[in-house]
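Below: one structure, written as structure tokens.
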Amino acid sequence: MNTGYLVLETGEIFEGEWIGSTKEMYGEVVFNTSMTGYQEMMTDPSYAGQILSFCYPLIGNYGLNEQDHESKHIAVSGVILNELCEEPSHFQSSHSFEDQLKEENIPGLKNVDTRALVAAIRKHQTVKGKLVHSKEESHDHLKVLEDPHIPLVDHVSVKEFQTFQKHGPHVVLVDYGYKKSILDALLDKQCRVTIVPYNTPLDKIDELEPDGILLSNGPGDPMKLTSSFSTIRALTEKYPTLGICLGHQLIALAYGAKTVKMPFGHRGGNHPVKDLLSGKVTMTSQNHGYVVVEESVDESIFQIQFRNVNDKSLEGIKHKYLPIQSVQFHPEGHPGPSDTTYIFQQFIDQVVSAGGEKLCGSVTL
Ligand SMILES: NC(=O)CC[C@H](N)C(=O)O
């Protein structure tokens, strides 16, 4: 047995057994409450820079497969879990959990008291930590996670345009670290999709002649992307737009709202969200640490559409005059419920009813 430790910046130390890559790793320590979907969580680029602790006590029992990666690689910096199943059983399983960690050079700890760890994170609200081989490792060495000059998004966004499908309404997916399930949802609705790097200038996106824009999810603090706000604002004024998670936060910021770091975020597959327009409550998949401050949203322009039933935080806004909608939760699920996939259909309906006609200049605010 190879003992390893998670040293928190608060000084607390959690002991476990080392798994995966032997490299030591630091990151913000976060937890996800989903009972399934460890493969989708680990490969969701929004977790870049974070050490993910799974609340569900048994991980690895159905292995990892070739279909369910949300991006090409594991995105988390490290994993923490309680019991690891070493002999997965599932007809699609191609790798065991630990083999995948080793193959992708990601470290982890098993047999950790994850309940105590979650209690510590909830107490401290936001906490960084480091996976180390020796307990004596000082927590003073914890490095700052995000380089102030290079947003985490820069590490996960595509570097070149990528096009999928030849026909259908043309959606430009601005990639801040998109999950494959978002692309799949668009392709499923028969869209032509061009994925573009997060910092693509407005004129280059215009040249693609999009019928709609989707601003993706992504890692880190949305305020690291202030240089993109004017482009985002211009895009939303020209084309029907859907923002998901980070994309939602960026739309709100581009229109002058504010974001704050939440106490310990929402990461799980059963977050109830109320649609204030229909009165309906749905279960949603979530993974975010920041949130848009409701009071900072200009309600002469935006309707507050979704609110979290548990903590009443803002979960989505809808522009009153333009076809702009944005949601803090993940309508694509994966992992988690698919109750809100109708958001994609609403978006496509808006794209189609705009008929590819550019809205530029057609609305005076
Ligand atoms: N899934 C996401 O897009 C996360 C958005 C942002 N990085 C946050 O943590 O709030």
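Note: Cβ is positioned from N, Cα and C throughout, glycine not excepted.
Any TrEMBL annotation is an automated prediction that lacks curation.
The active site, nucleophile feature in TrEMBL is assigned to C245. Annotation for C245 (active site, nucleophile): same-chain Cβ neighbours under 8 Å, separated by at least 6 residues, are S46, S216, N217, G218, N287, H288, V327, Q328, F329, H330.
The annotation active site is assigned in TrEMBL to H330 (among others). The Cβ neighbour count for H330 (active site), using a 10 Å radius and every protein chain shown, is 28.
Here the Cβ of E332 (active site) has 26 other Cβ atoms within 10 Å, regardless of which shown protein chain they belong to. Per TrEMBL, the feature active site maps to E332 (among others).
Sequence annotations record features per position, and here TrEMBL assigns L-glutamine binding site to S46, G218, G220, L246, Q249, N287, G289, Y290. The 10 Å shell around the Cβ of G289 (L-glutamine binding site) contains 19 further Cβ atoms across the protein chains shown.
Annotation comment: TrEMBL describes 2-132 as domain 'Carbamoyl-phosphate synthase small subunit N-terminal'. On the 0 to 100 pLDDT scale, the domain 'Carbamoyl-phosphate synthase small subunit N-terminal' (2-132) averages 97 in this prediction.
Marked as region 'CPSase' by TrEMBL: 1-169.
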Study note, to complete from the structure: Residues in the domain 'Carbamoyl-phosphate synthase small subunit N-terminal' (2-132) per DSSP class, helix first, strand next, coil last, are 26 helix, 45 strand, 60 coil
Check your understanding: Can you tell which of the binding-site residues G220, L246, Y290 lies nearest to E332 (active site) in space, using Cα positions?
Key -> L246
Practice item. Return the residues near Q249 (L-glutamine binding site), defined as same-chain residues 6+ apart in sequence whose C-beta is under 8 angstroms from its C-beta, sorted by sequence, else 'none'. Key: P222, G243, T259, H288, Y290, V291, V292, Q328
Check your understanding: Just how spread out is the L-glutamine site if you go by the largest Cα to Cα distance in Å among S46, G218, G220, L246, Q249, N287, G289, Y290?
Key -> 13
Revision key, fill the gap. Cβ contacts within 10 Å for G220 (L-glutamine binding site), all chains included, total 26
